[in-house]
Every structure is written in C-alpha cells, then in structure tokens.
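> One structure coming up, written as structure tokens, with questions to follow.
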Amino acid sequence: MGVPASPAAGRRRRTPTGSAFTGARSVLMASGCLVNIGTFAVYPYLAVLLRDRLGAGMAQVGVVLGAATLVQFASAPFTAAFAERVGLQRCLTLATLLYGAGAVTYLVAADDPALTVLALFLSCGAGALYSPAYRGYLVHSAAPEQRPRLVSAGNAASNLGVALGPVVGALFLPEPSVLFTVNTVLYAVLVVVHLSLRREADAGDSPAVEPFRRVLRGVAGLPFAVTVVTHYLYLQFYQYLSSFAEGRVPATGYGLVMMGYSLGLVAIQPLVARRVGDLRYPVAMAIGFSCMAVGMVAFAGGRTAGFAVGAAAMSVGTAVLMLKNDLEALAGSRRSATVTFGQQRLAVGVGALLSGVVGGAGYGLFESAGMLPGFWLAVAVQCVLLPPLVLLAPRVIRRVVPRASRTR
C-alpha cells in the first residue's frame, strides 16, 4: 500500500538501534527489586504475624490471606486500566505511597487486629497497582524485538527481590517493629525515586483507552489460558513443597533449594530471552512443561538431592513459560501493554485459586492415604496432559460451534 510513513513510525523503526536499557528503565528495575525485597521480607511470615495479632486460628488466617490475595489479582485489570488513564509514572508513585502506608500501619498496629488487616489490604492494593504499571513502563515505546530482553530483565529484577526478601525478613523476625520501620524508610526513599522518573511519552500508536467495564476486552485467549495452567501447576510446587519437606529434608537445605530456584530464575531468563522470543509457542510450552514435569518427579523422591534437581528443572521450565506467556500476550492483545499485563495478572490469580482449591484437595487426599509422594507424580502427569488440551481446545470449539449453529 502506498501510504507514507508517519514521523512516529520512522522513530519506531530507529528505536532498535539504541539501547533498550535506558536510564529510567534501569532505575525502575532497581526500584522493582527493592520493592519486592520489602514485600517479601514480610510475606513469608504473614501467617504467623496475623495469627499472633488477630488471635485467630490458621483457618481464619487463611481466609484473610486468601481474600487479600484474591483482591490483589482480581483487581489487576482494573488497576492497569487506571494506570493507563493517570499515567504509568504517577501510578508507580501512588503504589509506592500505598506500600509505605501499609508499612506504617503494620508498625502502629501491634495491638490492633483491625489495623493489621487494613495494612495487609493496603499492601495488596499497592501490589495490584505496581505490577502492571512496572511492566508497562519497561516496554513502553519499545520495539517488538526489544521486548524479550526488557521483560526478562524486569522479571529477573523482581525475582531477585523475591529471593532476597525472606533472607532480610529473617534477620528482623525477632523484632517485627524494626522490620516495619526499615520498610517505611525504604518506601519513603522509593517514593522520591519514582517521583524522579521521567513520565512516559505518548507512543503515537497506543490503542484507544477503553472504559473500565471493558477491562477484559481484547484478551489474548491462548496466552491467558496457558498462564492459568502454568501458575496452577507452578504454585503447587511453591505452596506445598515446604509441607512435604518437613521430616524429609533439613530446613536449611530446603531454604537453600528455594533460594537457588529464585536465583536460577534471575540468571536464566535474561540468558534465554532472545531464544525464547524466537521460539514458536507450542515449542516453548513443550520445553517449559516438560521441565516442570521432571521437577515434580524429582520432588517425589523426598531427598535433598532430588529437591535440588527438581528446583533446577523448575527454574528452567518456569523461566521459559512465564517469559513466553507474557510475550505472546503482548503480541496477541489488542490493548495497551499495561492493560495486557493486568489481564495476565488476573490469569495468575485464577491459576493461584485453582492451585489452592484443586491442589490443596489433592494434597490432602494423598496425605490421608499415606501416599504423599504420589501427589507430585500426579502433578507431573498434569504437566504432560494439560498443555496439549489447552492447545487443542480452541480448534475443537471452532469445529463444534459452527456445527451447532447449522443444526439450529
């Protein structure tokens, strides 16, 4: 077609010649790492903190944590749409302010159960705001060929914070008030850092801003479904391995294995980013879910060496899948990158819900039958069977729907 290229299009074609890692993006990745250090210094110990402050049993604590997590993930498409309207830099600053408000509320709520619950929901609300805006800012105005490196580097920075946070939290565990004081200071500094970030420029080709009621419009269906399956399977490893490890693996060994898993993600994703970006989706799924299946089988042995092998396999599998899922969602969505990441965050929440309900019930059944290693073998079988079903489902639906319409 003989349509002349616009100046904006010319600028976009020249973008790949420059560095993807601008100063603002590098500062944001460092900030994202620090945000997760502050968050995950508290997160692993929340159940104990809530039990002590609320004076409730673990069942009630689980309900509170589940409700907060559901709010965080289910609201992500709406917070992403909000970020699309107010601007990514402003949204990041607001989210950091909420993180700081949560830390202050935890600090002053030592003897107040209601304030403790409020602090939890403030922190979850901050996470719902921060995550899609963080990812959206990183890929804003980036060329498609730059996205794998940017998404993988952003994920690596976040995962480094996830790995270091529990270690930092353990140092302050005897004195929670000191931890929340340190977090308050950290978030105050990060508010200033985010205020100094350059506001994102108009990309020129950004999709039109949709009303809030259409936050799920334009979802990339296959990446959404694969993300649900990925996190449904992955979170069974993350949620139930600690219980399975009790009496089988030393606590120190288990801690090192989990840290190794997180650090593996930090190292692997940037290394494989370009290759994963070039892979066809079914090939990436085959590699990722096969590695996850190997990891689940290794866990069934119940020994430290098996845990180490399993965590290494899970690092490779989840690194490939989580990166490819996001890249495919960006490529297939008709919405802005920020809203797309919010939709993907919702998929993570659905997977987490299924992992808690289905995975928890399955774990309980195998435990009551005295066949707990079989739980990991059952999850491994699902790693093999579910991905082909997800790939085949759209084809089956396309064949069935026309037939049904013709019979009417």
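Note that Cβ sites are derived from N, Cα and C of the backbone, with glycine treated the same way.
Curation does not apply to TrEMBL; its annotations are automatic.
As annotated in TrEMBL:
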{"type": "TRANSMEM", "residues": "21-46", "note": "transmembrane segment"}
{"type": "TRANSMEM", "residues": "58-79", "note": "transmembrane segment"}
{"type": "TRANSMEM", "residues": "91-109", "note": "transmembrane segment"}
{"type": "TRANSMEM", "residues": "115-138", "note": "transmembrane segment"}
{"type": "TRANSMEM", "residues": "150-172", "note": "transmembrane segment"}
{"type": "TRANSMEM", "residues": "178-195", "note": "transmembrane segment"}
{"type": "TRANSMEM", "residues": "215-234", "note": "transmembrane segment"}
{"type": "TRANSMEM", "residues": "254-272", "note": "transmembrane segment"}
{"type": "TRANSMEM", "residues": "279-299", "note": "transmembrane segment"}
{"type": "TRANSMEM", "residues": "305-325", "note": "transmembrane segment"}
{"type": "TRANSMEM", "residues": "346-366", "note": "transmembrane segment"}
{"type": "TRANSMEM", "residues": "372-393", "note": "transmembrane segment"}
> Short question: which residues 6 or more past the ends of the transmembrane segment (215-234) have a Cβ under 8 Å from it?
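Sequence-distant neighbours of the transmembrane segment (215-234): 77-78, 80-81, 207, 281, 285, 288-289, 292, 314, 318, 321-322, 325-326, 328-329, 331-335, 339-340, 342-344, 346-348, 350-352, 354-355, 358-359, 379, 382-383, 386-387, 390-391, 393-394.
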> Check the transmembrane segment (178-195) against the transmembrane segment (21-46) for contact, please; criterion is three or more CB pairs under 8 Å, pairs 6 or more apart in sequence.
yes
> In terms of Cβ proximity under 8 Å, which residues at least six beyond the ends of the transmembrane segment (115-138) contact it?
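Contacts of the transmembrane segment (115-138) (Cβ under 8 Å, skipping residues fewer than 6 from its ends): 24-25, 28-29, 32, 35, 39, 42, 46, 49-50, 53-54, 64-65, 68-69, 71-73, 75-76, 79-80, 82-84, 88-89, 91-92, 94-96, 98-99, 101-103, 105-106, 108-109, 150-151, 153-154, 158, 197, 200, 326, 336-339, 341-342, 345.
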> With CB pairs under 8 Å as the measure, which of the listed stretches 91-109, 150-172, 254-272, 305-325, 346-366 comes out on top against the transmembrane segment (21-46)?
150-172
> Given a Cβ distance threshold of under 8 angstroms, which distant residues of the chain, six or more beyond its ends, lie next to the transmembrane segment (91-109)?
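Non-local partners: 28, 35, 38-39, 42, 53, 79, 82-83, 115-116, 118-120, 122-123, 125-127, 129-130, 133-134, 137, 176-177, 180-181, 183-184, 186-188, 190-191, 194-195, 197.
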> For the transmembrane segment (346-366), find every same-chain residue at least 6 residues outside the stretch whose CB is under 8 Å from a CB in it, and list them.
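Cβ under 8 Å, 6 or more out: 66, 69-70, 72-74, 76-77, 216, 223-225, 227-236, 239-240, 243, 372, 374-375, 378-379.
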